[in-house]
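Going by Swiss-Prot, these are the annotated features:
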- 704-718: compositional bias 'Low complexity' (COMPBIAS)
- 744-764: compositional bias 'Polar residues' (COMPBIAS)
- 542-664: domain 'STAS' (DOMAIN)
- 1-24: region 'Disordered' (REGION)
- 678-764: region 'Disordered' (REGION)
- 102-122: transmembrane segment (TRANSMEM)
- 124-144: transmembrane segment (TRANSMEM)
- 150-170: transmembrane segment (TRANSMEM)
- 201-221: transmembrane segment (TRANSMEM)
- 223-243: transmembrane segment (TRANSMEM)
- 275-295: transmembrane segment (TRANSMEM)
- 306-326: transmembrane segment (TRANSMEM)
- 347-367: transmembrane segment (TRANSMEM)
- 393-413: transmembrane segment (TRANSMEM)
- 430-450: transmembrane segment (TRANSMEM)
- 458-478: transmembrane segment (TRANSMEM)
- 497-517: transmembrane segment (TRANSMEM)
Amino acid sequence: MKRNTSNVDTGGVPAPLNSTPSTRLIQNGYGDSKYETERMEFPFPEDPRYHPRDSVKGAWEKVKEDHHHRVATYNWVDWLAFFIPCVRWLRTYRRSYLLNDIVAGISVGFMVVPQGLSYANLAGLPSVYGLYGAFLPCIVYSLVGSSRQLAVGPVAVTSLLLGTKLKDILPEAAGISNPNIPGSPELDAVQEKYNRLAIQLAFLVACLYTGVGIFRLGFVTNFLSHAVIGGFTSGAAITIGLSQVKYILGISIPRQDRLQDQAKTYVDNMHNMKWQEFIMGTTFLFLLVLFKEVGKRSKRFKWLRPIGPLTVCIIGLCAVYVGNVQNKGIKIIGAIKAGLPAPTVSWWFPMPEISQLFPTAIVVMLVDLLESTSIARALARKNKYELHANQEIVGLGLANFAGAIFNCYTTTGSFSRSAVNNESGAKTGLACFITAWVVGFVLIFLTPVFAHLPYCTLGAIIVSSIVGLLEYEQAIYLWKVNKLDWLVWMASFLGVLFISVEIGLGIAIGLAILIVIYESAFPNTALVGRIPGTTIWRNIKQYPNAQLAPGLLVFRIDAPIYFANIQWIKERLEGFASAHRVWSQEHGVPLEYVILDFSPVTHIDATGLHTLETIVETLAGHGTQVVLANPSQEIIALMRRGGLFDMIGRDYVFITVNEAVTFCSRQMAERGYAVKEDNTSSYPHFGSRRTPGALPAPSSQLDSSPPTSVTESTSGTPAAGTYSSIGGAVPAVAGHTAAGNGGSHSPSAQPGVQLTTTGSQRQQ
């Protein structure tokens, strides 16, 4: 009995990774005891989708097993690390890390203070809310987050989403030009309600984050492709930049979020531009870009990058205190509330606008989650440690919960600040903790100073910060690689620019899902031919030299079969069968066999199975037998339950296309048909949705000579008894014999390869 070392499903649960391989008897796909073979089991990793009927039970058993393991082996420190992840890096903290973490924390603190003030203004909130968002959420994340370099706080895209959507919910807020000083008791009440909506949104986002993390639903971000997010962030970057140009120009205009409206408003109000703010704003913008570029290009001056925003803030404050520019046409922020944030739990409920807030919370959570996890994974990979994805999501949720409790709007990981944190040498979450207390120091002692900061400074900081969000290089790459992905990118980009932020994102996600549905509903199918001189069967569209055999049609389906694509597959198969029938008759041979290559097919649903039965019956009515090649054990089990396996017949299921063709050609030869391969030049064209370019054959021996005798075998040795080959003699076959029992392939054989096999090589 030959030992089979292939991975054949036993229907059981995979062995633990630390288990040793074991040997046992299994049955092949036919269920025949005479084909019972011995195999070596291998401990493969568990896949909860492998047995869907047992997945829920298996997951629950895994939870119980993990719990029992922890109870049996964990000490109090392990339990503390389980609930507070910062204990993991505290247990291995080195003294050499301390200086790096302090430098990184202070550097990011210098960066986040002016950015926080700017982003809060972009969100339509008082400037101090940006500092609140960089304080307590940062502390909480440093304790419960799993990334050691991620810098948490307010970000530009989220601020834009809030400023856009909340003003749709509360239109009265559009009339407030300075959230720090609304200007009247009525506007004060409107601003307070606006602030309350922002806190309620943060609470909903925190709930979504925590739920996604606890129930391990992080896969939902897979529906936001890189094309969707790239186009979204690029469009949002332009929208953000244009919304801040008014501060650099010194123009007082209402906020507009659509490109055409912004352009019209600027053109109509350009005569109101103040040259003082324009000169100061453009000077600050030049300095910020200069500091950033020099810091990125030179390791010697990398310290310039994080201090750029703080530097222009200091220059602006000096101009106010020394030059008294606020009385010369320069607008300043105004009053900023001093001290640490006060609790706002009472603002959570009642929530009458929940029907409008909840969809926005979903969008904000998805965008923030993708942005944060992508940079966290990149940093973990770069610093060679493991990122716990679900713990990361829970950590962000708890950070937002803390923010919602203490007057903060939604926060997430920042690309720019996280990059600076990593470049500054941050080793652990202590750097994030130090950043929070830099912000806390500003809140307690320096808010009166920042109240005199010119608005053009904040505008310049935001414009310089969003330059990195413009992913035009990604659009060029997608155009070269995949036009459909480029279309999704452009839909997201143009939708955000010309319609609105949330609608543009929705259009892009919808288009991406439609493309996935289209690709799934119209999968690639192929007419397969043999490469001359080999036992390799390939798509004749890609390999024009591949040869076909009259009377034998080999059809490959490159996708799972289910209700959405089975009609397309049926039409393609019927078209190929009709064309092949005519072509075979021209060679004096009827279409005897249709061989379905199921190697790419991983799943068949009930509709697909029923339609396959119809196809088998239809072909049988034309005198054509359906043959299966290389179906998986799961597909065979499904066909058994549905009755399709018995309808086809166990004698017509093979482990390879080559074996199926050899068997069918032998049967046809026994019936008196001379089966000889021919090239595809005379084959009738049958169009395909995809027509890839021709590829070179995978063999240097590309001739059309009659094949010579050699057996296809995993060991490279021919079998003692063989089926007849295409175009060759038909030796007598007494029965099925085991593979690999003698002979060897001679390199001096005639050109070409005879397709021979043994019965024992059928589907096991």
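Heads up, the Cβ atoms here are built off N, Cα and C, so glycines get one too.
Predicted, not measured: the structure shown is a model, and the values here were computed from it.
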Item checked: Secondary structure content, the domain 'STAS' (542-664) (per DSSP, counts of residues) -> 63 helix, 23 strand, 37 coil
Next item on the list: Look over the recorded stretches 150-170, 275-295, 347-367, 497-517 and say which has the most C-beta pairs under 8 A to the transmembrane segment (430-450).
Entry: 150-170
Check: Looking at 201-221, 223-243, 393-413, 458-478, which one has the highest count of Cβ pairs under 8 angstroms to the transmembrane segment (347-367)?
Finding: 201-221
Check: Going through 223-243, 306-326, 458-478 one by one, which has the most CB pairs that fall under 8 Å from the transmembrane segment (275-295)?
Finding: 306-326
Notebook entry, point to check: Ranking 102-122, 223-243, 306-326, 393-413, 458-478 by Cβ pairs under 8 Å to the transmembrane segment (497-517), which is first?
Noted result: 223-243
Next item on the list: Using a Cβ distance cut-off of under 8 Å, indicate which of 150-170, 201-221, 223-243, 458-478 has the most pairs with the transmembrane segment (306-326).
Entry: 458-478
Note to self: So, taking each listed stretch (102-122, 150-170, 393-413, 458-478) in turn and counting its Cβ pairs to the transmembrane segment (201-221) that are under 8 angstroms, which one gives the highest count?
What the structure shows: 393-413
